[in-house]
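First the structure, in the form of structure tokens, and then the observations on it.
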Amino acid sequence: MASENLNELIESALVVDDSALQRQHTVALLQELGVELIYEAGNGNEALDLLALLKLPPGLAVIDLEMPGMDGIELIQQLQQKSVNIPLIVASSREASLLLSVETMIHALGMPVIGALQKPLNQDQLRSALRAFKPSRNDARQNSDPQPSMCEADLGSAIGGGQLLPYYQPKIDVQTGILKGVEALARWIHPERGLIPPDHFIPLAERCGLIHELTVSMMDQAMAQAAVWHSRGLNIKVAVNLSPLSLEQPDFMHRILELVDRHALPAEHVVLEITESSVVAHKGNSLGMLARLRLKGFGLSIDDYGTGFSSMQQLARIPFTELKIDRSFVHGAHERKNLRVILQSALDMAQRLELVTVAEGVETMEDWRLLQDFGCSLGQGYLIAKPMPANELPLWLKGHHRRLGELRPLPRDGAPAGNAQNGAA
Ligand code: C2E
Ligand code: CA
Ligand code: CA
């Protein structure tokens with residue numbers, strides 16, 4: 001869904017709004033985006049009746065918040081109770097904080113949420129919300145995935161057969177622009193279907209018991225690569241994503257220690273990223289595993305911070321070294337006060353806890369400058385680089401060095417200052 005070809009992927013939509021005029025406006029916008037089949041409902045009950053009749057749920061629903069009778073929030077709660085997991089857009093002309101809290105509520109219900117948008121809706125707003133949308137693990141629409149269904153056997157042999165590769169996305173020092181680390185992100189290079197993104201196979205791996213093998217394979221490759229970079233003088237950290245299930249795997253610790261040993265890589269150079277919601281949800285054994293990993297020297301990063309419901313007090317009890325703020329609080333924060341306040345307070349607290357702070361989803365120079373102002377440690381996002389295969393990193397690094405001046409903080413008098421470079425890749 002986070003693709004450029006929105007029209008190919010979203011074939012149908014449901015628009016729920018009590019105002020016929022607003023409904024027509026939304027329908028027209030969706031048609032311009034290429035959505036062919038659009039259902040309309042004037043209130044929550046009509047929407048539920050309609051959905052009960054449909055064989056396939058629509059690809060998305062745009063729901064007005066304020067409607068007589070059943071309001072948008074109640075409708076969303078009903079959808080959740082009926083396990084109708086349609087990606088949702090809520091629309092309202094009310095204040096931004098109200099929209100944000102509804103968005104957070106939908107996340108908390110475990111429903112896929114594309115965005116909470118201010119009315120009157122426009123094309124740019126819809127388009128960028130759809131682009132940014134990342135279907136979550138428990139999105140039931142995986143079943144109606146546009147990819148033909150991939151089975152366990154395919155994925156199992158892909159892992160064994162070397163079709164699963166890490167792509168690397170740079171993590172950059174926000175003050176100097178220097179490359180400090182990379183995050184390894186899994187890609188399935190399928191012989192017929194080409195590149196398959198992780199959202200299409202990680203949930204499958206988790207369901208069919210292959211996630212442990214996948215994680216170990218990613219770690220093995222990422223550590224081997226880090227060892228090569230180190231031998232060439234590029235001393236960067238490598239981060240690998242962990243599934244919460246890995247933390248419950250009794251031999252996980254043994255496997256990962258074996259790997260750092262084999263690649264002669266100090267554990268301090270490896271960062272393990274774990275999502276905020278998964279650590280809070282799987283407390284018991286995972287906490288023990290995290291503590292042991294930390295004792296061995298691995299860096300531990302809280303991923304997607306801000307999308308879960310953990311308090312800083314809860315997180316402070318876990319031996320984390322890094323906080324990664326979810327991209328929904330980073331990109332565009334310079335023009336949205338609510339995001340900015342959340343971003344700044346998360347950074348403040350993390351700094352007080354002496355955690356390394358990482359902002360994800362840095363897409364524009366405005367995002368970058370705000371992070372400099374707020375004193376964030378590292379930034380990651382399309383402004384700097386998209387995830388890339390290991391062999392493309394040296395060339396990217398060359399180009400990046402030429403951009404360092406532009407990325408450095410603007411001194412008060414206007415001219416960028418200082419000069420620092422990474423070693424060769
Ligand atoms: P994540 O860990 O939050 O990774 C960041 C995702 O944001 C990546 O998507 C990355 O390509 C994307 N991204 C980076 N910069 C930007 C930006 O500026 N704008 C936008 N809109 N997006 C940006 P990707 O590679 O598709 O990975 C999706 C998710 O799949 C990851 O989210 C992670 O949760 C999971 N994943 C990826 N590799 C692995 C893995 O090896 N193991 C496990 N368990 N999960 C993985
Ligand atoms: Ca991550
Ligand atoms: Ca993340």
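Yeah, the Cβs are placed from backbone N, Cα and C, and that goes for glycine too.
Across the domain 'Response regulatory' (12-134), the model assigns an average pLDDT of 90. Residues or ranges marked as domain 'Response regulatory' in TrEMBL: 12-134.
TrEMBL lists 148-401 with the feature domain 'EAL'.
DSSP assigns Asp64 (4-aspartylphosphate) to a strand. Listed in sequence order, the residues of the same chain lying 6 or more apart from Asp64 (4-aspartylphosphate) and placing their CB within less than 8 Å of its CB are Val16, Asp17, Asp18, Ser19, Gln22, Gly72, Val90, Ala91, Ser92. Annotation source TrEMBL lists 4-aspartylphosphate at Asp64.
Per DSSP, the secondary structure of the domain 'Response regulatory' (12-134) breaks down as 56 helix, 26 strand, 41 coil.
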